[in-house]
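Q: Attaching a single structure in structure tokens format; questions to follow.
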Amino acid sequence: MGIPVGKLSLYTALGGVRPSACLPITIDVGTNNEQLLNDEFYIGLRQRRATGEEYHELMEEFMDAVKQIYGEKVLIQFEDFANHNAFDLLAKYSKSHLVFNDDIQGTASVVLAGLLSSLKVVGGTLAEHTYLFLGAGEAGTGIAELIALEISKQTNAPIEECRKKVFLVDSKGLIVSSRKNSLQPFKTSWAHEREPVTTLLDAIKSIRPTVLIGTSGVGRAFTKEVIEAMASFNERPVIFSLSNPTSHSECTAEEAYKWTQGRAVFASGSPFDPVEYDGKIRVPGQANNAYIFPGFGLGVVISGAIRVHEDMLLAASETLAAQATQENFDKGSIFPPFTNIRKISALIAASVAAKAYELGLATRLPRPR
């Protein structure tokens, strides 16, 4: 319950959403944890986890009830759902409800903002870079899809073409077309025609990416060899180590700077202290979802939007990226300072709301000036 309460506190603190308009909900479908099932003080539902038909019926009943009670314009944020459920629920309900999954869409939007912002440092367009992910779960595939969407929007190329700039490595190695039959459905779009390789280092040598993104939850997976390989053919390698908490981060800020002789453009999911390298202080940026979701939610609610469209996520990313200044880049950060978050949230809300009107999804009419 701490999670929905905490997220809604941030909606208010960072996005200015009225607390009385927020309702934290936990959907309890039981647990398979023996210790909890036998604990006399366990306050949750004392039964094995519901799955399959039973689970989906409960979700459907809940989703229908929320809409019936609060109307078409209630924003339902999914948080911490298991991978397979998260994608299924988002795909199913985004057509009929106003839904947002922070793990998939919020993460993707803030990371895309970091990439757009890092282009001002490394040069080139989004389409001119090649992206390699370690980790192909909700976060990894969500970010990958948003990158492809933005490239498609910028170049007018079909999304299938744009996906070919993005490669993913999961626990079994590079996702390639020869593995298609054994892949989970949400990974199949990323199965490209390539020779299969099993390690991240081999994937880097084969693909020669300009951007390396970690969403694996595996601490220290970006080894010295991996980062030195990135630095060997990139003047300014872009390295995002996004896993939380700090112990799970793929590498530390210090390692990223040290192993690239201070050339890395670095961002992380966990907070890192400023790093001194070669007499220069670098302040690593944190790709924190709190940059996006409070302002995003505010924009959706104030416009009376009835659906979340991916163009609204792209608008949020572009707005956040535009807030990063040369002063931030000089310090080594590709994100604006978090102390400006109320202003950033207001700007994101405005651009998301404007996009909702443009797409014909807003109901608060006439459109305010």
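Positions of Cβ are set from backbone N, Cα and C atoms, glycine also.
Take a look at what TrEMBL says about it:
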BINDING   Glu79, Asp80, Asp103  divalent metal cation binding site
BINDING   Asn244, Asn288  (S)-malate binding site
DOMAIN    1-94  domain 'Malic enzyme N-terminal'
DOMAIN    104-357  domain 'Malic enzyme NAD-binding'
Q: How many other Cβ atoms sit within 10 Å of the Cβ of Asn288 ((S)-malate binding site)?
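A: Result for Asn288 ((S)-malate binding site): 20 neighbouring Cβ atoms inside 10 Å.
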Q: Take the Cβ of Glu79 (divalent metal cation binding site) and count every other Cβ within 10 Å, whichever protein chain it belongs to.
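A: For Glu79 (divalent metal cation binding site), the 10 Å Cβ neighbour count is 18.
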Q: Looking only at the domain 'Malic enzyme N-terminal' (1-94), how are its residues distributed among DSSP helix, strand and coil?
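A: Helix, strand, coil within the domain 'Malic enzyme N-terminal' (1-94): 51 helix, 3 strand, 40 coil.
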Q: Which whole-number mean pLDDT does the model give the domain 'Malic enzyme N-terminal' (1-94)?
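A: On average, pLDDT over the domain 'Malic enzyme N-terminal' (1-94) sits at 95.
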Q: Quick one: give me the count of other CB atoms within 10 A of the CB of Asn244 ((S)-malate binding site).
A: 14
Q: Applying the rule Cβ within 8 Å of the centroid of the Cβ atoms of Glu79, Asp80, Asp103, what extra residues of the same chain belong around the divalent metal cation site?
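A: Close Cβ neighbours, site residues excluded: Ile3, Phe78, Phe81, Ala86, Asn101, Asp102.
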